[in-house]
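Per TrEMBL, these features apply:
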type     : residues : note
TRANSMEM : 145-165  : transmembrane segment
TRANSMEM : 191-213  : transmembrane segment
TRANSMEM : 225-246  : transmembrane segment
DOMAIN   : 290-363  : domain 'Sphingomyelin synthase-like'
TRANSMEM : 294-311  : transmembrane segment
TRANSMEM : 318-337  : transmembrane segment
TRANSMEM : 343-361  : transmembrane segment
Amino acid sequence: MDGDIVKWSNKEVLELLHKEKLSSLIVEICKSQDIDGRCLLSFLDRDFYDYPFDQLKLGDRKRFILLVKKLQKNNRNAMCELGLFDDSLSNPATNINFVGTNLSHLSYNLHSQLQNEVYGRSTDCVTNYTDIKASKLKPEIWKTAIALGYLFLVTWVTAVVMVIVHDKVPDMKKYPPLPDLFLDNVPHIPWAFDMCEITGSLLMAIWLIVLFFHKHRFIILRRFFALAGTVFLLRCFTMLITSLSVPGSHLKCEPRFYPPADDLTVWGRRLQQAYDIWSGAGMSVRGVRTCGDYMFSGHTVALTLLNFFITEYTSRSLYLMHILTWVMNMFGIFFILAAHEHYSIDVFIAFYITSRLFLYYHTLSNNQALMQNDSSRTRIWFPLLSFFESEVDGIVPNEYEGPVTILNNLRQWFVQLVTDVKTSSMAKIAGTKLQEGAAMGEYSVVRLVDGIKRNLSLVEEFKNSRQRLVTLDKNVQACLLDELPDGEHRIEDLSESFRRDFSDPPSPVVKKNI
């Protein structure tokens, strides 16, 4: 066997597999797929789990992985010549950008883990198994529309729950504010809550700009809707489970009084109040004031989600903007506490839940191998993730489009829409014509069948009439026979007369007269 693995053919690879006593299935796969030495050096982690190696048993797969990794470790120079190495000394599996929180560099890398565990840390060049970019990124606008509907439904449910918890807020005289480390040491700032909402509005403006120029805007918008809806749905449960006392004495919170009326009228008024909250997005600058919705802070959720999505879907080179969004996120949280609108635990839990859900969602969506290995559990615990990310097989790259490209895409979309409308209209007209023709044909067939039925009835009537005539003729003949023998003599006289007339030829005078 040649010592240079780059020159190995499929035959040498099969000899090595036989020598290492690997399973016959691995040998057959390598033989059918024409695996040579260069292929072994260029194996990626996902290759061990994709077709056709996905049918291997766990033990066979692990032994094959160890053999390939050993060959790659012993032939690093050959891999560098083939361009399979990077000069980076960092491990891409742990390259976390804490300032930007860019999960595109948080990919779960099986090769790096195996290399660190089996061969230890190395200062040489590390194998260039960088993050797996998605190979198929369909916009799937219909899924984005479903995610938007999901968010609208959850926000409406949240507004109704906020009305309910406001009506059962604890009495401020009986239940004073709870001890809080931050609120007890920071004085109340009246304008702080308005500043929090202004900060959130600025983050929203930045996020809309990122969405406008991002090439894969529908995918990330779908993720934003799904995560926001899920966090606010969880907030509905936490608000209903426990009613905390009002955090600040400056707040005028008491249950609403409803005039005596039936339950239908009371719920009608509650739904009207819920609509006011929903249409005002729960913001005090738009005249919405609520009490009792403390665990956990919805404003913190909005600030954190906007910050994380901006930093995730913008380039790492925009670190100044990432720093700005993080500062705005933290200052927004500070303004919430300075306004004494929430307890510290409300803000902390909101930030923790939002950030964890964001990280879990993107870690799973960026690593389809994790989802495929335990797909049944993923569908149960993360149903929205399984549905919305079914056609995304990797990391969504941060690619952007210029205004000219966006306008051209909009023009093409509009032309296609007009064409589809015209096609559907023509198809509708053609369908109407076909229905009319079918109706006319059906009417003609009905008339034809009725004519045939009438003809058949006439034929049957003719047969019956003929039978009656035959019977009548027989009756007449019977009556004539009853009149004999006089009738016989008359018949014989008539016969004799006929013979006499026709036996003698006519005279010339008679012929002339004729």
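These residue numbers are counts, starting from 1, taken along the chain as shown.
Yeah, the Cβs are placed from backbone N, Cα and C, and that goes for glycine too.
Unlike curated entries, TrEMBL annotations are predicted automatically.
Owing to the predicted nature of the structure, the values given are computational and were not obtained by experimental measurement.
In the domain 'Sphingomyelin synthase-like' (290-363), helix, strand and coil residues by DSSP number 55 helix, 0 strand, 19 coil. By the Cβ criterion (under 8 Å, sequence separation of 6 or more), the transmembrane segment (225-246) is in contact with the transmembrane segment (294-311), since 3+ such pairs are found. Nonlocal intrachain contacts for the transmembrane segment (191-213), taken as residues 6+ away from its ends with a CB within less than 8 angstroms of a stretch CB, comprise 220-221, 283-285, 299, 302-303, 306-307, 309-310, 313-314, 321, 325, 328-329, 331-332, 334-336, 338-339, 341, 400-402, 406.
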